[in-house]
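Beneath this line is the structure, given in structure tokens, with notes to follow.
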Amino acid sequence: MDYMWRKKRKTSNLSEKNINNENNSVTSNGIGHSRMFAEKLVLSYPLWKGQIEVGNEYTASQTLNDFNTNMATIGNSNTKSNEKNMAGFLSIGQQYGKVAVEAGLRYEHVNFKYTENGQLKEDQSKTYNNVFPSLAISTEIGKTQLSLSYTSKTQRPSYDDLDGTVSYVNRLTLESGNPYLSPMKIHSVELMGAWKQFFAKVSYEHRKDAFIQTTKSYGEDGEVKLLTMENTPKIDELQAFVGAQFKVGIWEPKVNAGIIKQWFTGEYMGERKSFSNPLGIVQFQNAIHLPGDIWMNIDMEWNSRGNKDNMKFSSSSYLNAKLYKAFGKDHFSVSLEANDIFNKSYRNVTFYNKDVTLWQNMTTDSRALLLTLQYNFNTTRNRYKGKGAGNEELSRF
């Protein structure tokens, strides 16, 4: 079981002046409360040449947001979201010689209620009942391991994306979530293979009712634009990765390379725009075992420019270096790290939101020098360590 409670406060004071010397001062104050209770129970029992696993998962979540501003066109708001998710699941795994098969089924019942300024919004409060099957097959042929799997699941919007509170960005732009958002359904097929120190993975994912950022006109004249979220009918994505790891004396290198390509066409400036440029990634990790049982790690990564949803990412890269030494049967350790040495890990993003283009120039503080001293009082493992309940729900906050 898990329980989470959180309170956050956000205060904004914005002073704006345009080319006509018109001043605009906007103040706002927001207080948010969130809480979640989650429970998960899993029982397993031997069955024929494998085992059967049954269980349930329950989460209850609530968010409260109280927002006040001096902008009359926006106004104050008080919103509340309540969601209860009850799920039951069953999986059966069997071993037939060198072939392992696992089939599963998950049923989810979700009840979502949305309240705005004390009034229950019936058209934004919804109930969902879904069944999600899964299947996995794996085998071993000589030194080659192969696996093929199919999974189906749902991804629910974050609570920020569901919050209808409107906030001020500038005199022509406002921002809010969308309580009408539907959950995204995901179907994915994955093929993996490994031979000696080499591996490869190919996956294909179909996302129905995917979440993307969009814009809508706000007010009668349509001059002010509202940045919000919406469901798009579908996005298809292919991922392909290959990699290998070696050991050459004291040097243990690992290299991975992959590509992520989506098929998506969205509305932009009154036309249909393709967002199908692939994203490439190359990783090169090095571990060197120095005298004195000191480990040195040098890790590099490069990401190409390309599209994700209705966004375009610039290229990025980083180089990290680390020295690590453990003492006293790993009870005490010292590490010295230099992260993002060339300060290139940031990625600029361009959003193509119907009739609005947003450029987001990122400046991060990822370049850093870290010295870490760590002492482990108990290095033995617990006899039982649960996997946690409601991890996916927790990420929505």
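A Cβ is built for glycine as well, from the same backbone N, Cα and C atoms used for every other residue.
Residues 27-40, 388-390, 394, 397 of the same chain lie 6+ residues outside the compositional bias 'Basic residues' (1-11) yet bring a C-beta within less than 8 angstroms of a C-beta in it. According to TrEMBL, the feature compositional bias 'Basic residues' maps to 1-11.
Taken from TrEMBL, the feature region 'Disordered' covers 1-27.
Summarising the annotation, TrEMBL assigns domain 'Outer membrane protein beta-barrel' to 2-375.
In the compositional bias 'Low complexity' (12-27), helix, strand and coil residues by DSSP number 0 helix, 11 strand, 5 coil. Residues annotated as compositional bias 'Low complexity' in TrEMBL: 12-27.
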Secondary structure tally of the compositional bias 'Basic residues' (1-11) (DSSP, helix then strand then coil): 0 helix, 10 strand, 1 coil
